[in-house]
Amino acid sequence: MSWIERILNKSNITPTRKANIPEGVWTKCDSCGQVLYRAELERNLGVCPKCDHHMRLSARARLQAFLDKENTVELGSELEPKDVLKFRDSKKYKDRLVSAQKQSDEKDAMVVMKGTLYGMPIVVASFEFAFMGGSMASVVGARFVRAVEQALEDGCPLVCFSASGGARMQEALMSLMQMAKTSAALAKMRERGLPYISVLTDPTMGGVSASLAMLGDLNIAEPKALIGFAGPRVIEQTVREKLPPGFQRSEFLIEKGAIDMIVRRPEMRYKVATLLAKLTNHPEPGNDDVEIRSDAPSESSQDDA
């Protein structure tokens, strides 16, 4: 018997039991490292309540938060990717597709829905970054064109949320063709005078940034989103110079006039609805469901800065 056991009366010792906390209840902010309650983070649309860092959001979660709850219809869900080239690098392309579909629970890297935004008819496309880095390939291009065609048929606006590493190398030239294909489709929107708003989220790179992501009548970015063609590391290695702080981030781009505005995610739904109301002569929506943190910088304070 140890000396401590001799001192303490065993009847006063209460055995402790290890707490059993289910997995996935807590998560950590990628920016500030703060441990966060996942349910609270989801209520805040993936925005850290401590530092306002905008974490990556799945395509369906983004669409569900953006559109009205009623009357949403998914478009192009029957389109599935095929390994036409029988491509293989370190792994077969068809095996990569199966793995990506299991990981993301999506058939490909874009989800398209039509519905309403504050009662206004609208078509919305959103990239799924969890599917092979949101890379643009044949199905992504086909679904985006389907979104454009639906907007033309309904005579309504189109909004696209981009989150992509660029063109998918496993589809080679066919993936590069989607840059021209999507750009040509958007030209029809412009001919009809229908608004197209592009929302650039972290990251929007490569062939996506060089085509549909930067062709909006208004180009909006989320705070601190990485936006560009080649990545900063590649550029530094090429030009052999140190890049300025914040290079290719949305705050840097708005200073250079490359984008039109920066909008926080909780305010995105109301802001886009207000802009579309002005562009389409619809009545402006009420802002009852806008969530604005008192300790976060507002859009007006960003402008003043």
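The backbone N, Cα and C atoms fix where each Cβ goes, and this holds for glycine too.
The feature domain 'CoA carboxyltransferase N-terminal' is assigned by Swiss-Prot to 25-294. Feature annotation from Swiss-Prot assigns zinc finger to 29-51; the stated evidence is sequence analysis. If you look up Swiss-Prot, you'll see C29, C32, C48, C51 marked as Zn(2+) binding site, on the strength of sequence analysis. Annotation comment: Swiss-Prot describes 281-305 as region 'Disordered'.
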Query raised in the report: Can you count the other CB atoms that lie within 10 A of the CB of C51 (Zn(2+) binding site)?
Result: 13
**Report entry** Other same-chain residues whose Cβ falls within 8 Å of the Cβ centroid of C29, C32, C48, C51, the recorded Zn(2+) site, in sequence order
**Finding:** D30, S31, G33, Q34, L36, P49, K50, D52, H53
Query raised in the report: Are there any residues in the same chain, six or more apart in sequence, whose C-beta is under 8 angstroms from the C-beta of C48 (Zn(2+) binding site), and if so which?
Result: C29, S31, C32, Q34, L36, L41, H54, M55
Query raised in the report: If you count Cβ atoms within 10 Å of each one, which of the binding-site residues C29, C32 comes out on top?
Result: C29
**Report entry** Averaged pLDDT, computed only over the residues in the zinc finger (29-51)
**Finding:** 94
Report summary line: DSSP, reduced to three states, assigns C48 (Zn(2+) binding site) to coil
